[in-house]
Every structure is written in structure tokens, then in C-alpha cells.
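Asks: Relevant sequence annotations retrieved from TrEMBL are reproduced here:
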type	residues	note
BINDING	B:V64, B:V65, B:Q66	FAD binding site
BINDING	B:C224, B:C227, B:C239	[2Fe-2S] cluster binding site
DOMAIN	B:1-97	domain 'FAD-binding FR-type'
Amino acid sequence: MALKIPRHEMPCQEPAVRAHNFDEVALGYTEEMAVEEAKRCLQCKKPTCRSGCPVEVLIPDFIKQVAEGDFLAAAVTLKEKNSLPAICGRVCPQETQCESRCILGKKGEPVAIGRLERFVADYEIKFGESHGEKPAPTGKKVAIIGGGPSGLACAGDLAKSGHGVTVFEALHVAGGVLMYGIPQFRLPKEIVQTEINNLKEMGVEIRTNEVVGKITSVDELMASGGYDAVFIGTGAGLPYFMGIPGENLLGVYSANEFLTRTNLMKGYKFPEYATPIKVGKKVAVLGAGNVAMDGARTALRLGAEEVSIVYRRSREEMPARAEEAHHAEEEGINFRLLTNPVALHGDEKGWVKSMTCLRYELGEPDASGRRSPVPIPGSEFELEVDTVVVAIGQGPNPLVTKSTPGLELNRRGNIVADPETLATSKAGVFAGGDIVTGAATVILAMGAGKKAAASINAYLNGENRSH
Amino acid sequence: MHLYQVVKRRQLAPAIVLFEVEAPRVAAKVKPGQFVIVRMDEKSERIPLTVMDFNRERGTITIVVQDVGYSSCMINNLQEGSSFLDFVGPLGVPSDIENYGTVVCMGGGLGIAPIYPIARALREAGNHVISILGARTADLLILREEMAAVSDEVVIVTDDGSLGTKGYHSTGLDQILAQGHKVEVIWAIGPMVMMRAVARYTKTLGIKTIVSMNPIMVDGTGMCGACRVKVGEETKFACVDGPEFDGHLVDFELAMQRLAFYKDEENRAKAHGACGQEGGH
């Protein structure tokens with residue numbers, strides 16, 4: 001029976017319309033759609049979907065409650081494992097996680113777990129009441145450095161355990177990449193702030209405008225700040241450039257700057273908001289990950305006429321989620337694949353005007369298992385551009401690591417943490433998310449934050465799981 | 001008590017205002033050469049400002065702001081008792097203060113403000129501090145008394161000769177060298193053209209010269225790379241690697257070009273808002 005119901009598509013804004021606004025692209029299920037979709041779930045006795053989830057959400061349980069129309073109960077179930085479901089429902093790569101393990105997916109299409117998660121979380125935001133019950137305080141204090149996905153997830157779990165939690169956030173608002181990086185049209189900032197407000201209601205203190213490494217340090221927090229443990233979740237906040245001539249020309253942005261101006265500072269509402277963002281007519285975005293897709297789609301919405309993803313490998317190797325690439329393509333982004341710039345050129349005032357590119361072909365698989373791109377000799381050509389967004393990845397921001405003596409780093413500058421406990425080389429200091437793994441996904445960072453919270457809990461209870 | 005409240009406002013020159021701001025945690029840690037980033041309200045830019053003074057007991061930071069456009073005009077309209085929404089710091093690497101012997105601290109225009117705590121710290125470290133203060137004209141020469149109090153000698157130069165010697169910072173430096181001083185290090189802070197001119201001149205003299213760059217920034221923590229400065233063959237981020245660099249290695253032409261990134265938008269902002277319309281003093 002259940003198999004006969006097809007997977008429900010989620011309503012979206014039309015590509016031609018959405019390419020010119022910053023409103024959310026996906027509109028979410030209606031109640032009817034959610035119930036119908038939830039009824040597709042086979043309620044497996046041994047649910048494989050859960051093993052695909054980095055935070056092991058009780059997937060069949062919450063879906064059953066959706067099928068029964070008890071959406072608020074479903075939200076409670078969801079939140080048992082995931083304190084930020086409205087965010088995860090939007091930005092998790094479900095197709096490679098939970099949904100990839102769904103039995104229905106073997107013969108047809110998997111249950112739309114991500115869309116149901118999103119529906120339930122949004123329903124709760126709209127109709128739910130604050131639970132407000134605070135656990136008995138343990139008297140222990142934990143400092144969390146970085147208010148991004150890993151820090152927030154860690155904060156949520158620690159607060160649930162009754163510890164006093166303070167999040168130190170360098171920017172003027174918490175959320176990290178959820179606020180500065182992921183665009184409004186993919187993850188509305190109001191949703192992020194609602195989730196953060198929930199954490200505040202649980203008793204989490206968020207101190208914005210505090211750059212650890214400058215205004216205080218890990219050692220100081222533990223010595224005189226009265227914190228019993230520290231979690232470092234400072235992310236991958238150091239933009240990489242290509243290292244090719246012309247990268248300092250006007251019109252050349254790191255993806256971080258381009259997205260921060262637009263999202264965090266609301267440059268898309270300039271001049272009502274005072275931070276400007278400048279985009280020309282012909283935009284090249286270098287790289288093909290999710291950040292590159294966000295940059296390209298943002299450029300289009302800011303009024304660019306022609307936006308290209310420039311990537312030296314082929315479609316198959318693109319690191320972006322299939323859905324993001326698909327949305328970008330629908331909106332009219334060009335994909336200039338097997339192409340890579342070797343130099344940028346400027347006009348007399350220093351504005352970028354073109355890129356010299358090389359064409360590539362795919363050779364043997366490299367260390368990452370992907371076929372490595374090989375430049376074709378003599379294939380140089382000029383591409384006219386007036387804006388370039390460099391989205392080739394980010395490294396670890398060194399502000400905290402450099403100011404913390406005794407913290408072991410790897411040669412890339414990432415913090416070395418025990419894979420099981422996320423304990424670092426310093427007693428009482430834990431780390432997780434991109435600062436440990438290098439740039440990855442929101443949900444992996446959140447998973448790490450939760451894992452660290454469990455270890456910190458054990459550490460504070462004297463279970464000596466770490467040091 | 002509200003955080004980041006303006007406890008003192010003082011007009012230093014027609015478009016230049018000094019603000020003493022309550023920010024105890026920043027004041028506890030700040031060192032000469034560092035900067036803060038401020039925001040007025042929800043819709044404001046993040047504006048980097050080099051620290052002019054700090055008082056650890058009172059828990060205050062002093063900044064000096066020149067009205068050069070929309071956002072700086074908005075700030076300068078703040079009155080005593082009102083507050084900044086955000087005030088982040090201390091940011092950047094502090095000045096390298098040690099006993100060098102004889103040092104020259106050059107401040108040009110608004111640049112006299114950030115040179116002030118550096119001169120004071122250098123003097124406290126035992127240096128013989130000679131300050132060269134320059135401005136276009138006498139009215140714009142700020143903080144004379146304050147600088148005199150932290151310098152062993154002060155030389156004043158103005159473009160039009162309305163105060164001190166007519167000429168530039170190099171004119172002042174020539175005077176000092178003519179008196180037989182052996183200058184070990186120079187700090188030069190001011191408009192890009194002034195720092196470029198000083199650096200070019202001192203390179204020929206072989207005197208180490210440190211400049212403080214003020215590029216466009218957003219986060220101030222090394223996250224966005226807007227503040228890229230070419231120093232020798234390397235690209236540096238002024239917010240985390242600077243703001244001070246070896247003036248003989250900085251590519252000033254590029255730095256000046258990059259300051260013009262949002263010139264068109266600046267004009268749009270002025271047209272949109274009630275502020276900054278007669279900016280550019």
C-alpha cells in the first residue's frame with residue numbers, strides 16, 4: 001500500500017521569480033502533504049535511516065507522529081536528538097545521510113525525511129509553546145568558543161544537563177556560518193535566531209562581540225573565568241585564495257566576504273542597510289562546493305546578468321549537494337567545468353576585467369579518489385568578468401589556536417582531537433567541527449558539538465573519559 | 001548601565017570628534033596599535049577605528065572619528081549618554097614597543113589620534129620620542145597638547161604654513177636629522193598619501209618605518225579577506241596580520257585603489273540618508 005504513494009515534491013518558488021529575490025526558495029510542505037509523505041514510511045523495526053544521521057534522530061518515531069497528525073509531539077521527539085531541527089531540515093545533505101539508507105529508496109524514492117523534519121520544526125516554531133523547564137543546575141560552568149553549528153549544538157546539550165553555559169561569539173550575532181554564510185533564500189535568518197532564542201531560554205548565555213584570542217583566552221577562561229571546561233568550535237574561518245596573479249584586484253571577493261556582506265550585513269537591502277555589496281554584470285565563481293553555489297545564486301539575485309561556476313573538474317566531482325547544483329542550474333547559472341583560471345587581469349583603475357583560463361581533462365584518480373584534472377597544453381582562453389568570487393575553501397582561523405599554548409595542531413593548523421571524545425591535548429579543553437575536521441557540513445559540526453557535550457558531561461562528572 | 005555608552009564627546013576640529021566609550025572588557029586588554037570595530041545600530045556597517053586612548057580604571061576606550069562619509073557622519077552625531085550597539089576589540093596586533101633609542105612618531109590629520117598611545121608607550125619604554133604632527137591647516141591639527149605631554153620634542157608642519165613649519169612630514173624629519181638626531185625607528189600614521197610619501201623618503205634614508213593601514217574591513221577577525229594588503233611579495237590581512245606593517249614593503253598604490261572599492265555605493269548611501277552629504281572634509 002504505502003509503496004504506491006509517490007514521494008511528495010516540496011513546493012518551491014519558480015526559478016524565474018526566485019532568481020530575483022532573497023525569499024526562501026523552498027516553501028515547505030502543507031499539513032496534508034506532510035501527513036501523506038509520513039504515511040509512506042514503513043516504520044522498519046530496525047531503522048537503517050537513523051544510522052545515516054550524524055546525531056541519530058529518532059526518525060521513524062517522529063515520522064509516525066506526523067502521520068498521526070500530532071506535529072507538536074513529533075517536534076519533541078525530533079528535539080530529543082537535535083536541538084536545531086529547523087536548520088538541519090533545510091541544510092543537511094539528507095540524500096547522502098538518512099535518506100540514502102531508507103529502504104524505500106532501494107526500489108523507488110526514499111521518504112522525504114529532511115522535508116518532514118523541516119515541516120515539524122517550522123510547525124513547532126509557529127504553534128508550539130516554550131517548554132521552559134530547566135534542569136537542576138550542576139554548578140559547573142562551560143565556555144563555548146564560537147557560536148556556530150558545533151558550538152550551539154554543544155551548548156544546547158550541556159544546558160540540558162544543567163551546566164552553566166556561556167557562548168563566546170566574535171561577531172555581533174551568534175549563528176556562525178548559518179548567519180554569515182548560508183544565504184537568506186536557503187536558510188532564513190529569522191529561523192536561525194528563533195533556534196538561538198530557544199537556547200537562551202534554556203539558560204545559555206551568549207556573549208557576542210567577544211573575540212577569544214584577543215579579549216580573553218582559553219587559559220584565562222579556565223584560570224580566572226571560573227570555567228570547568230572549554231569547547232572550541234571556531235570553524236573554518238580563514239578564506240583561501242588561488243595564489244594566482246591579480247587576486248587583489250577590485251571586484252575580487254572571497255566567498256566569505258561576498259556572503260557576509262550580503263547575509264550577515266544585509267547588503268542586499270543596501271542602502272537601507274549601510275553595508276554595500278557590489279556585483280557587476282559578468283560574475284565568475286571559482287569552485288563548485290555548496291559555498292560556490294550560494295555565491296553564484298547570490299550574485300544572480302544581486303542583479304548580475306551572467307554568472308558562471310568555474311571548476312577544474314567535471315560535474316561528477318563537484319562537491320556541492322546535487323539539490324544545490326540543480327537549483328543553481330534551474331536559475332540560470334552557467335557551469336564552466338574542466339576550466340580553471342591562471343591569472344586575473346585588471347583595467348587602469350584596478351578593477352578586474354578578465355581571467356585567463358586553461359581547459360582541463362580528467363586523468364587518473366588522485367588521493368581523494370576523484371579523477372584528477374590535467375591541464376590541456378595551449379588551451380588558454382580569456383573570459384570576460386567584472387566580479388570574481390573565490391570559493392575554493394577555507395582553513396582554520398588561527399586566532400584561538402595561536403593564543404592557546406599547549407594545544408596540539410596538525411600541520412594544516414587544525415586542532416588535534418581524540419575522535420571518540422573530542423578531547424584535545426589540553427586537559428578540560430575539547431574541540432569539534434570545522435576547526436578539527438577542516439571545512440565540512442553544518443550537521444557534521446553539530447554532531448561533533450553533541451559528541452563533545454557528552455564527553456564534557458562525563459569529564460565534569462569525574463568519569464575521566466578524557467584526561 | 002548600558003554597555004558601550006559614550007561618556008565623553010569632544011569636538012576636536014570641524015569634522016573630527018573624540019568619543020570616550022565605556023567598554024571595560026576591551027579596556028582591560030587593549031594595547032597601543034590595536035583597533036576596535038563599532039556599529040551604531042542594526043542597519044549600520046561595521047566600522048574599524050584605531051584606538052586613541054584607554055583607561056583601564058575607568059574601563060573606557062577613546063576613539064577619534066572623522067566625518068568622511070555616511071557611516072562616520074552617523075557616528076559623529078552620537079551624543080554623550082547614547083550608546084554604540086556593538087563595540088568589538090581589541091583587534092589586530094599591538095605595536096612592537098621596546099627601547100629603540102630615538103624614535104619619531106609621525107601623525108598626519110586624523111592619524112595623530114592612533115599615534116598618541118604609541119608615542120606614550122614608546123616614551124614609557126625609555127625612548128627619546130620626537131613627534132611630527134602634520135595637517136593641511138592649523139584648524140585641523142588635533143591633539144597638540146596631548147601629544148606634547150607624551151613626547152620629548154614636538155615638530156609641527158602644515159601644508160599651508162598656518163602653524164609650525166610650512167611643509168610635510170619629510171620637512172619635519174629633515175629638521176630633526178639636521179639637529180644631529182640618530183633616528184632608529186619611525187611610526188607614521190595618517191592618510192595613505194602621507195604614509196606613502198614618508199615611506200618612500202625614509203627608504204632612501206634607510207630608516208625603518210612602520211605604518212598603520214586602514215583598509216576596508218568587515219569582520220576584523222581574518223574571516224573575509226576584504227582588508228588584503230600587499231606587503232613585499234605576500235598578501236596579508238590587515239585585521240589579523242596588521243594593522244601595522246613595514247612601510248617600505250607596503251604596496252600603497254594597490255592599497256589606495258582598494259579604498260575606492262565602494263565609492264559609487266558611498267554616494268548612493270549619502271543620497272539615501274540624511275547624513276554625510278557634505279562629507280569629505
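Cβ atoms are placed via backbone N, Cα and C, with glycine included.
Keep in mind that this is a model prediction, so the values were computed, not measured.
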Asks: Would you list the binding-site residues among B:V64, B:V65, B:Q66, B:C227, B:C239 that come within less than 8 Å, Cβ to Cβ, of chain A, in the order they occur in the sequence, writing 'none' if nothing qualifies?
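Replies: From B:V64, B:V65, B:Q66, B:C227, B:C239, flagged as close to A: nothing.
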Asks: Quick check: with B:V64, B:V65, B:Q66 left out, which same-chain residues have Cβ atoms within 8 Å of the centroid of the FAD site Cβ atoms?
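Replies: Here the non-site neighbours turn out to be B:L12, B:I16, B:V17, B:L18, B:L49, B:I63, B:D67, B:S72, B:N76, B:L110, B:A113.
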Asks: Which entry in the list of binding-site residues, B:V64, B:C224, B:C227, B:C239, has its Cβ near the fewest other Cβ atoms, using 10 Å as the limit?
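Replies: Taking B:V64, B:C224, B:C227, B:C239 as the binding-site residues, the minimal 10 Å Cβ count falls on B:V64.
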Asks: Please give me the CB contact count at 10 A for B:Q66 (FAD binding site), counting all chains in the structure.
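Replies: Its Cβ has 24 other Cβ atoms within 10 Å.
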Asks: Around the Cβ of B:V65 (FAD binding site), how many other Cβ atoms lie within 10 Å? Please give the count over every shown protein chain.
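Replies: Neighbour count, Cβ to Cβ under the 10 Å cut-off: 24.
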Asks: Should B:C224 ([2Fe-2S] cluster binding site) be counted as helix, strand, or coil on the basis of DSSP?
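Replies: Once the DSSP labels are grouped into three classes, B:C224 ([2Fe-2S] cluster binding site) ends up as coil.
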Asks: B:C224 ([2Fe-2S] cluster binding site) to B:V65 (FAD binding site): how many Å between their Cα atoms?
Replies: 24
Asks: Within the domain 'FAD-binding FR-type' (B:1-97), what mean pLDDT does the predicted structure show?
Replies: 94
Asks: How long is the line from the C-alpha of B:C239 ([2Fe-2S] cluster binding site) to the C-alpha of B:V65 (FAD binding site), rounded to the nearest angstrom?
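Replies: Rounded to a whole number, the Cα-Cα distance is 19 Å.
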